[in-house]
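Per TrEMBL, these features apply:
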- 1-10: compositional bias 'Polar residues' (COMPBIAS)
- 1-31: region 'Disordered' (REGION)
- 12-24: compositional bias 'Pro residues' (COMPBIAS)
- 44-62: transmembrane segment (TRANSMEM)
- 68-86: transmembrane segment (TRANSMEM)
- 98-117: transmembrane segment (TRANSMEM)
- 188-213: transmembrane segment (TRANSMEM)
- 239-259: transmembrane segment (TRANSMEM)
- 265-286: transmembrane segment (TRANSMEM)
- 293-317: transmembrane segment (TRANSMEM)
- 337-364: transmembrane segment (TRANSMEM)
- 413-455: region 'Disordered' (REGION)
- 420-455: compositional bias 'Basic and acidic residues' (COMPBIAS)
Amino acid sequence: MSSSVPTSRPGSIPPGAPDVPSRPHPAEDPQDMVTAPVRIAAAWSWRVLLIVAGVGVVWWLLGHVTTVLIPVLLAALIAGPLSPAVRWLRARHFPSALAAITVELGLILVVLGLLVLSGQQIVVGFAQLSDKAVAGFQKLLGMLEDSPLKLTTDSMSQWFSELGNTLQENSNAILSGAMTFGSTAGSILTGTILMLFVLLFFLFDGENIWLFLVKLFPRRARAAVNGAGRRGWISLAQYVRIQVFVAFVDALGIGLGAFLLGVPLALPIGVLVFLASFIPIVGAVVTGAVAVLVALVAVSPGIALAMLGVVLLVQQIESNILQPLIMGKAVSLHPVAVLLAVATGSMLFGIVGALFAVPVMAFANTIVRYLAARSWEHDDQIAWEPFLYPWEIKKTAKKKNLTPDQVMAQLQRFRGKRHQEREDAEKKLEEKLEEKHRKDTRHRESSGHLEDTRH
């Protein structure tokens, strides 16, 4: 009688074998249960959270140093368009410090002169404006009484009495606001003094300050930082110069229109328009409304409508001619981006944010494009030493005991810069001549086509 031996099927556990923990099926692995897009999103999420946390820390720090940061940014904005004047004086053997002081004093005198002239106009025209304002207000009341609203003098008097009671009830809040305004005025004075001090050093020794900041970065990143910063600075200076021109056109158009229409305070209105035009879109609209309001109160509704027409005409010239042709070439920003930047800056930082929104965006746009194209790898114009004129090189050579080779290297840099400037000027002249030739050719072709059509 044969004994049967139990046989095991393939893949089954033989009898008496020790229990071995079974390995999970690959499909049951927790890592395999998460899809690749989810893992990528999770990896990006914690990195984004770290970036947001870093931005939050920087935001908190900036909020505590605005008293210092805003004057420095203002000094940088003003130094850009004033730097050519300093270089012009240095080329005529002005020492750097004296050239910077001369340019800054000229700026202060121009600003003070405008303020004094505007103040005189306000003082002289205040009595006339007050008389016209009273007459215009009474005329406006008469128009409201005859309008469908039927607003009588008694109802207006009742509103004014209620307004007086409201002011008396909130006198403490008004007093607190006045004290806050006084402290704000003190902060503005302190910031102005700090801004003028920083501006002087930006004009006098700005390139050395920049090279010092570049050396704070790792050695491998210095070329990229140096080139990107210099290109961003050029873009910022171009933006400020063009914005000054646009603001001057706005102020001249609206101020001259107010003067020709007989609106009082034409010069102060022009100065106000000039200053407010540095806030794109919003500033010109607000100051235009002020000009229309002064015309309505001081003269007549008809003159106010004419003033409104002048404001709209100036705004159309700025929006359809100056901004696309001039500003668009200097700052490659879409009008929607400008509007969103101004709105965001004003919401976050008020008037200061609206003022700096577009310059900061233009600066950042230039830097990002420069870095994305890796332009520093083939940029021969990156400077690692301050630019000096020949007479300054000789003076520096005596002070620092420079060798003849070092002096020759600095002179070659000066000649190279002048050679590059000449090449750029010749290139622009050739482009203008080619454009003129194309226009003349098109004109001759169109004239010949018209003659053939007539025959």
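Easy rule for this one: first residue shown is 1, then count along the chain.
Just so it is clear, glycine is given a Cβ too, placed from its N, Cα and C backbone atoms.
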Long-range environment of the transmembrane segment (68-86) - Cβ separation under 8 angstroms, sequence gap at least 6: 62, 96, 99-100, 103-104, 106-107, 191-192, 194-196, 198-199, 202-204, 206, 233, 236-237, 240-241, 244, 352, 356, 359
Range from 98-117, 188-213, 239-259, 265-286 with the greatest count of C-beta pairs under 8 A to the transmembrane segment (293-317): 239-259
Long-range Cβ neighbours of the transmembrane segment (239-259) (under 8 Å; 6 or more residues past either end): 77-78, 80-81, 265-267, 269-271, 273-275, 277-278, 280, 284, 287-288, 291, 294-295, 307, 310-311, 313-314, 317-318, 322-323, 326-327, 330-331, 358-359, 362
Sequence-remote partners of the transmembrane segment (98-117) [C-beta within less than 8 Å, at least six residues beyond its ends]: 78, 82, 85-86, 89-90, 196, 199-200, 203-204, 267, 271
